[in-house]
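Visitor: What follows is a single structure, and I will ask about it in a moment.
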Amino acid sequence: MYTITKGPSKLVAQRRTGPTQQQVESRLGELLKCRHSAPTPQHPRAQPPGPWPLSSPGPRLVFNRVNGRRPPATSPSLEGTQEPYTLAHEENVRFVSEAWQQVEQQLGGGPAGESGPRPVQYVERTPNPRLQNFVPIDLDEWWAQQFLARITSCS
């Protein structure tokens with residue numbers, strides 16, 4: 001049998017806190033002022049369809065506290081350190097690296113007279129016409145350009 005508790009549950013009783021409407025409006029005013037005073041880019045690109053323009057950051061993630069507890073404080077020295085790799089991880093990386101080098105050698109000609117199965121490189125017989133004008137983009141370069149544009153537009 002189920003029992004019904006009196007009063008609201010802890011989940012319902014917790015209130016949401018966030019910036020006040022005045023803080024939101026002042027921040028919006030600052031961003032709009034910064035955008036209107038920004039110079040136009042030399043190479044204008046079409047904006048992809050979506051809820052945010054390219055120059056604005058994506059939505060901010062907000063994590064709520066569990067049971068009203070604060071998250072454990074992290075020291076700044078721990079944030080910059082890398083996670084230590086396990087021996088199994090290093091062994092897997094070494095195995096994949098050696099296997100890939102072996103495949104590259106066999107594709108490049110490799111030792112002559114070696115019998116047995118060789119790797120086969122996939123070549124598409126009927127290329128997709130939509131991909132005829134496809135140009136790959138360097139994401140690191142693109143993000144660097146966006147970062148520099150943001151810095152120059154707000155300074």
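Glycine too: its Cβ is placed from the backbone N, Cα and C atoms.
What you see is a predicted model, and the numbers here were worked out from it, not measured in a lab.
The compositional bias 'Pro residues' annotation in Swiss-Prot covers 46-56. Annotation source Swiss-Prot lists N-acetylmethionine at Met1, citing similarity to another entry. Look at Swiss-Prot and you will find Arg35, Arg60 tagged as omega-N-methylarginine. According to Swiss-Prot, the feature phosphoserine maps to Ser56, Ser77. Marked as region 'Disordered' by Swiss-Prot: 1-59.
In the displayed structure, how are the listed features positioned relative to their neighbours?
Guide: Sequence-distant neighbours of Arg60 (omega-N-methylarginine): no residue of the same chain at least 6 apart has a C-beta under 8 Å from its C-beta. Arg60 (omega-N-methylarginine) carries neither a helix nor a strand DSSP state and counts as coil.
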